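Trainee: Following this message is one structure expressed as structure tokens.
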Amino acid sequence: MEEQSTVEYWGDYKVIAELEQGLWSRDVLTEHRFIKKRYVLKILPSELSLSEDFMKVFQKVIVQLATIRHPSLVAIENVSQEKDRYFIVTEENSGTISLAKYLSGRKLSEEEIVYLIQQLCEVLELVHEIGLAHGQINLHSVHVSFINGVANIYLPEVGFASLLRERMFSSIMQKASMQESVECIRDLLVFEAPEEKSTNHRATDAYSVGVLAYYLLVGAFPWGAFPKPSSCIPDSIYDWDSFILSCLQQQQQARPKRLRDALKKKTLGEQLQSTIDHCRESLRAMEVQEEVSEPIAPTSLIREGEKLFEGKEEQQAFVLVEAKSIDEAMVTTVDSEEVSESGEGYVNPLQSLLAREPVVSRYVEIEREEVKPQPLSTEMVFIEGGDFSRGSRDGQRDELPVHNITLPGFLLDIHPVTNEHFVRFLEFIGGEQDEHYNELIRLKDSRIQRRSGRLIIEPGYAKHPVVGVTWYGASSYASWIGKRLPSEAEWEVAAAGGKLGMRYPTGEDVDKSKANFFSSDTTPVMSYPANILGLYDMAGNIYEWCQDWYSYDFYENSALEPDSPQGPPQGVYRVLRGGCWKSLKEDLRCAHRHRNNPGAINSTYGFRCAKDVK
């Protein structure tokens, strides 16, 4: 750690303020000395940095968490080391508090509980999908952050919580009396599933969610033979009994695989039945009160001729009604002969008024031709065909071997597709899904918003590259505009300047004056110099989807079949190229390969289009 005039630095980050101490890190607010943006550093204590068991899990978790972005998870920007101390660079947040502190003196409504539980279930499912789990979910490990005054779930210990169990108990014992420590640890143990040491972390997380949901609803933990939530909250809208009991099953396989699907609303009939059952139980519990007789007035106060009220209600007589057929019962018209003579003066004129046929002119809709939005054109650069070198010896294993390929000439957009281009496509198709229900873009991860049914681009972002687009969205847009996505080979050749075979699109080196990388956001397209072929933003700004499926060893096959390589015929991932605004310098190399699921959504994913030359 470097000291300069009593100012604490961690690498390029100047410490501004100390934040709340976490279980596994010292959190400090910092500012980057060059880009002047604030970050939160999570600095590992020396004992954890020297622990092989912890560091083994730490490295795995960090790599996996860095692949996803969610407001409820720590947004990892970078990981660094200084003097044998590791620290994580994360985005600045508005501050969080533990759920235990948030609930202190506060009773949540069912709507608030549903909002928090559904958020928790959503982020846990996302974490489970990448092979991680939370573990040790409780009132202290779950935090809340505040966005526009609304409490939202925040999980700062995903992946580490199970390793910190003993550290957490030790911290409790040091800060509280023996009696308080025992009570606190007891309340933490209730969240642990019977098989807490099991490797089926999805099931243990589901158990803890059930305990948490019960506590939020009832205000107590489900110890022993606990009462069902429906008996405590008879007017609840959601079927908490089924949700909580399924989460608390002793057998792991009996717990729900998808937590969000397990929480469902009651039907109206079930809600009514719950209320009726509660009323019946309340009536049974009520003590039978003795009847209070009516006080008898003194005879001296009763005037002659008056009767004393005895308080007895007259019994209502039952009236026998002759049954009629259903057809007779449904007749509701009034027969004029049945109307009394006293009503004849106004009934007949009224009937004649109602019998008149209203004269209504026929409405003819004026046919208007619907004007569909038309695509905006983008200038394209012609890439001359020929023989090119592909791959690199300085990168990852999937970039080998270096080999020659042959490509025909093709056209490529000079810059990535922008928000103003893509919003026209969304207006044309009228939604964010294709005909196969594939998501094309997730608006909350983009700079395009839907307000009152209209698509609006955030101010100042019209010329920025569109982000949050899936491979399906990129491919669909390209087809709509009469183009296609470039192949991985075409993209690499274009980035490397054709036959020049440059290391970076900008030449043999790259710096922040030539590309947007390791920054805080996208920049408008064409903000940096073009490469030697006249293509902009081939390095940094956004990752760009390519047409090909990804294969780790595809370059070996490409070396054997060098004519117009198109990638494997099928696969799990699609190729992404070019690095992005948050990438490190190495990710901007022309040969660097990236990949993700075609339905993956990220605020760093965009695309540009290509076209064959006929």
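The first residue you see is number 1, and the count goes up from there.
Just so it is clear, glycine is given a Cβ too, placed from its N, Cα and C backbone atoms.
Okay, these came from Swiss-Prot:
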DOMAIN    13-302  domain 'Protein kinase'
BINDING   LEU19, GLU20, GLN21, GLY22, LEU23, TRP24, SER25, ARG26, ASP27, LYS42  ATP binding site
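For each listed feature, how buried is it and what is near it?
Mentor: The Cβ neighbour count for SER25 (ATP binding site), using a 10 Å radius over every protein chain in view, is 23.
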Trainee: Mean pLDDT across the domain 'Protein kinase' (13-302), rounded to an integer, is what?
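Mentor: It averages 76.
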Trainee: Suppose we draw a 10 Å sphere around the Cβ of ASP27 (ATP binding site). How many other Cβ atoms does it contain, all chains included?
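Mentor: ASP27 (ATP binding site) is surrounded by 17 other Cβ atoms within 10 Å.
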Trainee: List, in sequence order, the same-chain residues at least six positions removed whose CB sits under 8 Å from that of LEU19 (ATP binding site)?
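Mentor: The list for LEU19 (ATP binding site) reads ASP27, VAL28, LEU29, VAL40, GLY95, given in order along the sequence.
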